[in-house]
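Enquirer: Dropping the structure in here first, questions after.
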């Protein structure tokens with residue numbers, strides 16, 4: 001007879017790079033997303049919820065010469081027809097598919113928002129997860145930069161709606177076309193033949209994208225001959241002359257005290273370039289539209305030093321930064337930094353239909369924004385645990401259930417202890433771990449006298465920390481009240497917290 | 001040189017068996033889930049959000065003798081260590097993993113709720129999707145049936161919270177232990193040796209699970225010698241004598257007018273069986289606890305005819321049914337039927353830890369409940385489209401943006417038309433497709449005179465349908481108002497709808 005091998009027990013583990021969210025982690029994020037959705041809704045954006053799964057073909061990650069899709073996505077093959085499916089890696093690719101698939105059914109310009117998890121098949125690391133939330137709003141089919149201005153205004157409203165006060169954030173706007181104009185002036189873009197200097201422009205784009213990390217001198221080196229890093233490795237430069245490089249550097253440094261002055265400076269820089277001039281016009285229009293709606297320089301500014309995403313987007317680029325300081329991991333004070341970014345991209349559905357459809361949108365870094373709210377104490381302080389009704393006499397469960405019933409009917413979060421009631425200490429320990437604000441106690445004596453005991457666990461914890469004997473006596477953390485007053489007394493105690 | 005083959009355009013298609021949700025589809029479901037979560041929260045349940053991805057090992061779907069995991073889940077292999085990962089197929093398996101993984105960190109009894117999509121790798125069909133929502137609440141670590149009673153009460157509260165009036169639903173409760181007692185009395189369960197009659201009990205369980213489909217006679221046949229179906233196929237029966245079969249049939253038929261009478265009838269049926277007596281005691285306790293909290297027979301009843309899930313659960317079993325009638329696909333009136341089910345299962349974490357941990361919970365059929373709310377007109381009637389400000393003069397975009405800004409500041413959903421404004425008819429068509437209640441128009445003349453036109457699209461549609469000439473004249477669907485009164489006039493028009 002074959003030997004029956006005993007199966008080992010499975011490991012109870014979250015897969016590598018994934019995590020579980022408990023209690024307040026879930027509700028705080030949800031509250032933030034709800035507040036954001038409300039703003040999106042008010043702006044006329046409609047929700048779209050696509051499924052987590054797309055065909056790899058639609059995601060555009062399929063490499064024709066390997067039998068497995070590109071790394072970076074979680075993919076698998078259908079058993080019947082061998083088609084490859086994958087989890088979405090962002091919310092833009094599904095939007096592109098939807099805009100193409102329903103192009104005859106949707107009302108364009110199509111304003112849509114989407115919120116939900118996305119998946120990346122990457123090596124997990126500290127703080128790097130393989131599933132995380134995105135929260136996007138995009139307008140598809142609106143060529144006018146009024147759509148971009150609208151997204152910027154909405155972004156400002158979103159930040160205030162979730163609790164970032166005016167003055168603690170700024171929306172910065174730049175434009176890829178202005179950079180193209182600068183490159184034209186610098187001699188690395190030929191409007192009549194875009195294939196010339198393509199390699200150089202690639203190096204320029206990558207160089208300015210590294211401004212934060214390398215500083216102006218590092219970028220200048222990459223624009224010129226090249227740069228040797230600390231390890232001795234040499235990165236080839238774009239080969240620009242010092243004068244050409246200064247033109248490009250001047251772009252990133254063009255911000256002036258007022259929007260008008262910045263626009264004037266940019267006009268100088270792109271003088272002679274049609275695309276550069278178009279880009280400056282767009283920035284001016286966006287600035288005017290924002291001003292007209294009351295989004296002044298305290299909320300949104302033209303800032304050519306915004307370089308992130310310039311390589312990806314085709315027109316306006318925007319970024320929302322939180323300007324207040326927090327203490328970094330190295331103990332130094334530093335600005336919180338970017339929490340959202342976006343811009344205009346005009347090739348959204350072209351892959352599917354061949355038609356160019358203009359689109360602009362923004363993606364909010366859900367985890368970063370939530371971290372900012374937590375860092376400044378704007379979420380997470382309230383103990384949301386339930387009132388715990390303890391069980392002194394297991395035969396009177398109906399009495400205790402009636403109590404929680406009354407409390408819940410009054411809108412108060414409450415629960416009866418459902419574990420083994422034998423050890424009363426365990427019940428109080430449980431209430432503690434549940435962050436219960438109050439424990440309700442009704443033993444035989446109390447029952448007989450028509451009263452219950454209310455233990456104020458919040459006050460108790462405070463007293464235990466630093467109270468004198470007098471304070472202990474003057475502020476009783478446990479009171480006796482008439483059974484009929486249970487709801488009123490609990491509410492009073494909760495209001496004191 | 002190698003020939004560069006032009007890639008064909010990708011198809012813009014949702015993968016087979018998946019679907020996209022637009023606008024109201026998303027917001028209506030969200031509103032329902034929010035209302036449910038509020039009830040769960042009030043009962044002390046905490047949200048848990050696990051990732052969509054689990055190890056196949058933790059899901060328990062791995063077959064040791066094939067190199068691919070069991071069908072039914074979407075699974076793939078990690079590239080580095082070859083571990084199998086999969087999308088969760090329900091919310092209970094992740095709960096089991098979490099309860100085991102965090103057994104030293106969670107406060108038990110652990111009340112948790114979870115809402116979110118789950119995935120099944122099944123053949124898609126009409127109305128059968130491979131991704132759908134589940135909405136569960138479970139209590140882990142509470143052996144007392146007070147936990148089951150709580151779930152039943154909560155289920156009733158949930159149904160009322162989403163808009164099902166009392167009287168239109170009923171929560172039915174049964175108990176697997178009573179069935180076990182009945183089987184003991186019928187002679188197919190030997191309490192001292194559970195391995196005896198295992199095959200017979202399996203047949204009995206499968207037979208009663210088919211009560212709805214086969215009717216009493218069909219079940220009776222399967223309890224006895226067996227049954228030949230319409231196609232001529234023979235299904236072997238459990239081999240019970242007519243008397244034994246009647247005992248089992250009597251169980252499903254034991255419901256009486258009052259809970260007390262039902263309990264008394266069940267006691268007769270299980271006389272002599274310890275487990276049967278325990279089961280009846282549990283039902284009586286649940287009934288008493290629900291009564292004590294005011295959940296009378298109009299909301300929750302003991303009903304031994306609830307057989308769904310008796311094979312899976314180990315103690316109390318419950319089901320929520322909507323009792324109002326709808327017109328079925330065949331044109332006949334029929335009860336809406338079940339929208340939620342659950343029960344007690346005591347082997348939740350045993351797979352992982354070897355320890356038995358009692359658990360009880362409920363799963364709400366999100367799509368079915370939403371369908372019920374739609375069928376009865378409780379969601380979906382309100383047109384939630386934005387006020388659309390049209391663009392008569394593309395150079396005055398700032399004016400139009402200022403209008404939507406004012407409307408939004410007043411909490412009114414509004415948007416400016418962002419498509420090509422040349423054709424005004426297209427703008428009104430757009431407003432129509434957006435289900436806009438009002439279109440705002442400000443041309444050059446209006447601007448000069450300091451007024452705007454408000455077109456009441458809701459009234460316009462009504463009039464277009466069935467108005468006389470007099471009505472057309474007496475109820476103007478378009479009015480002129482002073483620019484400064486825009487917000488007030490729009491609000492008044494919206495209030496009329």
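Glycine too: its Cβ is placed from the backbone N, Cα and C atoms.
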Enquirer: Suppose a student reads TrEMBL and sees A:90, A:91, A:92, A:134, A:138, A:308, A:312, A:313 listed for L-histidine. Which of A:120, A:166, A:332, A:333 should they find annotated at that same site?
Expert: A:120
Enquirer: Mean pLDDT, the domain 'Aminoacyl-transfer RNA synthetases class-II family profile' (A:16-386)?
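Expert: On average, pLDDT over the domain 'Aminoacyl-transfer RNA synthetases class-II family profile' (A:16-386) sits at 91.
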Enquirer: Report, as a single number, how many Cβ atoms besides its own are within 10 Å of the Cβ of residue A:308 (L-histidine binding site).
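Expert: That number is 18.
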Enquirer: Taking A:90, A:91, A:92, A:120, A:134, A:138, A:308, A:312, A:313 as the record's L-histidine-binding set, what's the max Cα pairwise distance in Å, rounded to a whole number?
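Expert: Comparing all Cα pairs, the maximum is 22 Å.
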Enquirer: Does DSSP put residue A:134 (L-histidine binding site) in a helix, in a strand, or in coil?
Expert: strand
Enquirer: Specify the secondary structure state of residue A:90 (L-histidine binding site) as given by DSSP, simplified to three classes.
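Expert: Residue A:90 (L-histidine binding site) sits in coil per DSSP, no helix or strand.
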Enquirer: Which residues of the same chain, at least 6 positions away in sequence, have a Cβ lying under 8 Å from the Cβ of residue A:92 (L-histidine binding site)?
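Expert: In sequence order, A:136, A:138, A:348, A:361, A:363 meet the Cβ cut-off.
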